[in-house]
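Features of the protein shown, as given by TrEMBL:
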type	residues	note
DOMAIN	143-235	domain 'Mandelate racemase/muconate lactonizing enzyme C-terminal'
ACT_SITE	LYS164	active site, proton donor
BINDING	ASP189, GLU214, ASP239	Mg(2+) binding site
ACT_SITE	LYS263	active site, proton acceptor
Amino acid sequence: MKIKKIVLHILQMRLKAPFSTSYGDIHDRELLIVEVKDDDGAAGFGEGVAFSTPWYTEETVKTTVHMIEDFLIPILSKTSFHHPRELAESFRFIRRNYMAKAALEGAMWDLYAKQQNIPLSQALGGMKKEVEAGVSIGIQPTIKDLISLIEQYQEEGYKRVKIKIKPGWDIEVVKEIRKHFPNLDLMADANSAYTLKDINHLKQLDEFQLMMIEQPLAHDDIVDHSKLQKELDTPICLDESICSFEDARKAVELRSCKIMNIKIGRVGGLTEAKKIHDFCKEQNVPVWCGGMLESGIGRAHNIALATLEQFTLPGDISSSSKYWEEDIIEPEISVYNGKIALPDNPGIGFHVSREKLKKYTVETKVFTL
Ligand code: OSB
Ligand code: MG
């Protein structure tokens with residue numbers, strides 16, 4: 001895989017509506033698109049999923065650009081790769097910085113699949129022709145607002161709803177949702193808003209048949225979640241805590257969760273994501289694909305990953321129109337009857353609109369290898 005040129009596109013896009021979590025609100029989404037070009041003019045695209053501030057993990061758009069520019073591109077220019085799965089190993093001596101690694105690796109996976117003239121899903125070994133969608137709804141001003149949003153998404157075909165919870169926006173909210181939607185596939189994501197002191201409080205969730213509670217405790221914890229899972233009937237799903245295959249192995253060994261959320265960026269790329277997937281399959285741990293409010297490029301990668309067998313639960317993979325007035329890919333991603341059909345074009349399978357990419361770009365960095 002001879003790389004001639006790498007372009008970092010830094011974009012500023014505005015979400016249709018602010019997305020609120022236990023940490024705070026996001027409305028303006030700064031994001032990074034990595035483009036790798038070969039000698040024949042083929043281009044592969046990856047997305048950096050870090051935010052402008054380090055609220056979710058420690059990385060930011062600026063740290064990912066720094067890592068790619070000063071450490072990862074030099075590795076790429078010195079090493080010859082035959083397959084994108086070789087990248088993770090050559091990046092390993094750089095500690096963490098998973099989102100930076102994943103952004104560049106993702107572009108290389110797309111390029112590789114395009115060079116082979118096969119869809120990215122096929123390059124990864126995925127067999128599904130469609131993946132199950134889901135929608136993640138941020139904290140709302142009132143429960144009434146939340147109920148009407150759930151109705152709206154159901155009308156759009158979504159069959160699984162995730163809500164965000166935090167102390168003061170949890171038990172009552174779930175109780176009210178259950179009154180309106182007794183059979184809805186419902187789950188709750190706390191983004192680390194609780195501690196072990198809240199065990200008795202969290203136990204109250206057990207009567208509402210949630211599919212799972214996502215990341216109730218600290219972002220970097222595996223031990224306390226194991227204690228909590230022993231006390232809860234509701235399955236725990238880990239998100240923030242799982243940044244590598246090793247984290248996944250430890251979480252399963254300690255029984256810290258019964259379900260795992262896999263995000264390509266959080267674990268350092270598609271190669272590591274697939275490794276975690278394969279392990280979870282072996283261990284009978286169901287997995288689903290998380291989201292990071294990506295543009296269509298990042299979401300196309302998520303869709304390709306979710307075609308792997310053990311992705312048995314619907315992911316946080318929604319239509320382009322859930323997030324953006326207009327997406328930067330064509331066609332936009334759409335949900336029919338709760339599902340997203342896989343495109344059959346090579347690579348990520350969606351066309352990146354140069355015009356729209358340019359429209360939202362605030363800075364470009366070009367590296368010639
Ligand atoms: O915790 O899963 C999360 C969005 C940003 C950061 C973290 C999370 C989320 C979501 C929404 O829940 C995912 C999406 O729809 O892209
Ligand atoms: Mg989460």
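Glycine is no exception: its Cβ is also placed from the backbone N, Cα and C atoms.
Positions of TrEMBL features highlighted on the structure.
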| residue | record | contacts (Cβ under 8 Å, 6+ apart) |
| --- | --- | --- |
| LYS164 | active site, proton donor | SER20, THR21, SER22, SER136, ILE137, GLY138, ILE139, ALA188, ASP189, ALA190, ASN191 |
| GLU214 | Mg(2+) binding site | LYS162, MET187, ALA188, ASP189, ALA190, ASN191, ILE236, CYS237, LEU238, ASP239, ASN261 |
| LYS263 | active site, proton acceptor | VAL49, ASP239, ALA273, CYS289, GLY290, GLY291, MET292 |
Neighbour tally for ASP239 (Mg(2+) binding site), based on other Cβ positions within 10 Å of its Cβ: 21
For the domain 'Mandelate racemase/muconate lactonizing enzyme C-terminal' (143-235), residues assigned helix / strand / coil by DSSP: 45 helix, 14 strand, 34 coil
Among LYS164, GLU214, ASP239, LYS263, the recorded positions whose C-beta sits under 6 Å from ligand 1: ASP239
8 Å Cβ shell about ASP189, GLU214, ASP239 centroid, Mg(2+) site members excluded: LYS162, MET187, ALA190, ASN191, ILE213, GLN215, CYS237, LEU238, GLU240, ASN261, GLY290
Recorded positions whose CB lies under 6 angstroms from ligand 2, from ASP189, ASP239, LYS263: ASP189, ASP239
C-beta crowding around ASP189 (Mg(2+) binding site), within 10 angstroms: 26
Secondary structure of the residue listed as 'active site, proton acceptor' (DSSP, helix/strand/coil): coil
